[in-house]
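Novice: The structure follows.
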Protein chains: 2
Amino acid sequence: MSKAPVIVIHGGAWSIPDDMAEASKVGVKQAARVGYEVLKQGGSAVDAVVAAVKVMEDDPVFDAGIGSVLNAAGDVEMDAVVMDGKTLNAGAVACVQNIQNPVHLARLIMDKTPHVLLVGKGANQFAKEMGLPEVSTETLVTESARESWLRYMEYHDTIGGLFSNRDLQTGCDTVGAVALDQMGNVAFATSTGGITAKRPGRVGDAPIVGSGGYADNEAGAVSTTGHGEAILRTCLAHRITNHMHSGLNADEASRAGLDYMTRRVKGSGGVVVVSTNGDIAANFTTDRMAWASVKDGQVHYGLDPEEHQTEPLYFL
Amino acid sequence: MSKAPVIVIHGGAWSIPDDMAEASKVGVKQAARVGYEVLKQGGSAVDAVVAAVKVMEDDPVFDAGIGSVLNAAGDVEMDAVVMDGKTLNAGAVACVQNIQNPVHLARLIMDKTPHVLLVGKGANQFAKEMGLPEVSTETLVTESARESWLRYMEYHDTIGGLFSNRDLQTGCDTVGAVALDQMGNVAFATSTGGITAKRPGRVGDAPIVGSGGYADNEAGAVSTTGHGEAILRTCLAHRITNHMHSGLNADEASRAGLDYMTRRVKGSGGVVVVSTNGDIAANFTTDRMAWASVKDGQVHYGLDPEEHQTEPLYFL
């Protein structure tokens with residue numbers, strides 16, 4: 001009972017500036033292609049979402065891995081998670097430093113330990129035991145990320161109010177992926193550097209099972225992005241998965257989840273979703289979200305609301 | 001529209017040894033009384049669950065605050081969370097060291113920052129800014145916790161297999177509380193020192209919104225305990241809240257959630273639940289769970305399956 005494989009990618013839901021728009025679209029399409037190739041060759045949904053997220057961690061346009069933003073102390077602290085909808089196995093890492101691919105570390109936690117979540121120094125210690133190469137903060141930080149940080153810190157020193165009245169303009173370009181493989185299994189992965197000038201130790205929704213994403217073969221898979229605290233408080237990904245479990249399709253379930261988040265906590269964000277039936281959604285309540293999917297030999301993608309473009313799978 | 005206030009407490013779901021049984025029952029009853037007193041005097045559900053959990057953090061019989069277990073490195077790393085069902089505001093702390101009341105710090109994160117979760121050194125830095133006194137590891141560690149750790153480490157050195165084939169015998173006596181106040185608002189709080197000889201940086205379900213607990217005035221409140229990774233992977237607290245949202249009562253919803261966890265990931269645990277209607281549950285699939293509730297002027301409590309004792313509120 002081979003299923004037609006599907007992958008859906010997001011590159012963050014926020015007010016993506018025009019000068020990043022094209023690179024964001026190129027990046028999510030590339031990730032979707034890489035993940036889809038894994039699925040076509042018979043790889044698992046877990047393999048596909050990890051491969052896709054790794055592409056975006058390596059792409060400096062996204063706030064994950066290389067391209068991560070700086071926290072208030074000028075350090076990089078990254079979060080990532082992966083989950084297998086067949087077994088509900090999951091691995092996650094929060095506040096990890098000096099590694100290039102947090103999603104890879106999350107997968108090692110899932111595969112090699114009985115744990116789900118390792119944070120901070122303990123996560124780095126595990127990375128070392130696993131032989132992951134240490135990279136310098138300079139390797140992870142782009143010139144643009146450092147400029148954002150300097151602007152923000154200058155603003156803070158002049159105006160005050162650090163950690164209050166934040167808006168999403170400082171960037172929330174978390175990345176994520178959901179996939180359905182030929183065996184009918186779903187998975188998700190999410191990765192982020194968080195928000196510019198965040199308080200050291202702050203963890204948003206991204207690495208949290210149920211918030212940053214959820215995957216359950218009995219319903220489907222979800223990866224989220226946007227206002228991390230709002231997503232955490234509404235358990236957005238698990239909420240959407242439950243809606244699919246109750247019979248809503250991916251589009252209906254994701255709209256119901258985002259509407260709930262707007263109504264209860266006035267939070268905005270975006271999600272990519274695949275149901276175990278293979279129907280997909282990429283919805284957001286922010287100004288923009290870079291997304292791409294591959295299904296039936298076609299790449300679909302967009303950035304602005306209502307934008308939906310298609311191109312052949314191997315067009316470039 | 002004043003409601004009859006209700007509080008339900010747990011002191012951890014695991015194979016509680018006989019020599020801890022009585023002290024565990026006394027501890028949960030005391031926490032229930034203290035929390036109920038807050039509610040009777042018109043305090044909020046949030047005030048009540050924080051006060052109740054603080055009593056158990058201060059009680060060395062429980063693995064939270066004083067009495068926390070040691071990790072593999074011989075350190076204490078604690079987790080806690082609190083959530084307000086009216087606003088869905090939440091605060092949480094993971095891998096924090098050298099403070100006596102992690103639940104108090106979680107509440108400060110909820111009240112004083114726009115964040116939900118702070119971990120590791122960043123959490124301790126925030127505690128310092130808030131003026132929370134630093135306590136030594138020796139203050140937090142009981143003789144019994146140190147003995148468990150020594151036994152475990154000796155076993156590990158002899159037999160090997162650290163971090164695999166763990167069982168719950170090493171202790172999972174997380175504490176938690178749910179409450180419904182006179183205004184009809186629900187809240188939950190959970191706090192833990194984790195599991196003996198855990199990998200440094202390991203975080204279980206306890207501090208995770210949706211896993212260690214959830215509170216939503218549109219349904220009710222839940223606090224969980226037991227096999228942390230299983231609870232995380234099934235998003236147990238949010239799952240039970242959703243069941244109440246769909247019309248199940250507290251008892252039906254909690255059984256459905258625990259059954260799902262058994263079926264999908266073979267995990268055992270326990271929960272205390274209050275619905276916004278005021279019906280309550282204390283259910284577990286482990287050997288034992290210390291629990292207590294106060295409702296209509298009576299204290300109810302138990303430890304073994306089917307055990308349900310009552311006593312007048314101020315009997316002692």
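Just so it is clear, glycine is given a Cβ too, placed from its N, Cα and C backbone atoms.
What TrEMBL lists as active site, nucleophile is B:T174. What TrEMBL lists as substrate binding site is B:R202, B:V203, B:G204, B:D205, B:T225, B:G226, B:H227, B:G228.
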Novice: Within 10 Å of B:T174 (active site, nucleophile), Cα to Cα, which of the binding-site residues B:R202, B:V203, B:T225, B:G226 are there?
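Specialist: For B:T174 (active site, nucleophile), the binding-site residues whose Cα atoms are within 10 Å come to B:T225, B:G226.
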Novice: With a CB cutoff of 8 A to chain A, go through the binding-site residues B:R202, B:V203, B:T225, B:G226, B:H227 and name the hits, or write none.
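Specialist: Near chain A: B:R202, B:V203.
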Novice: How many neighbouring Cβ atoms, not counting its own, are there within 10 Å of the Cβ of B:D205 (substrate binding site)?
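Specialist: Around B:D205 (substrate binding site), other Cβ atoms within 10 Å: 34.
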Novice: Would you mind pulling the DSSP three-state label for B:G228 (substrate binding site)?
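Specialist: Note: B:G228 (substrate binding site) is helical by DSSP.
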Novice: My understanding is the cutoff is Cβ-Cβ under 8 Å with a sequence separation of 6 or more in the same chain; which residues meet that for B:R202 (substrate binding site)?
Specialist: B:N71, B:E77, B:G194, B:I195
Novice: How far apart, in angstrom, are the most distant Cα atoms among the substrate-binding residues B:R202, B:V203, B:G204, B:D205, B:T225, B:G226, B:H227, B:G228?
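Specialist: With B:R202, B:V203, B:G204, B:D205, B:T225, B:G226, B:H227, B:G228 as the binding residues for substrate, the largest Cα distance is 16 Å.
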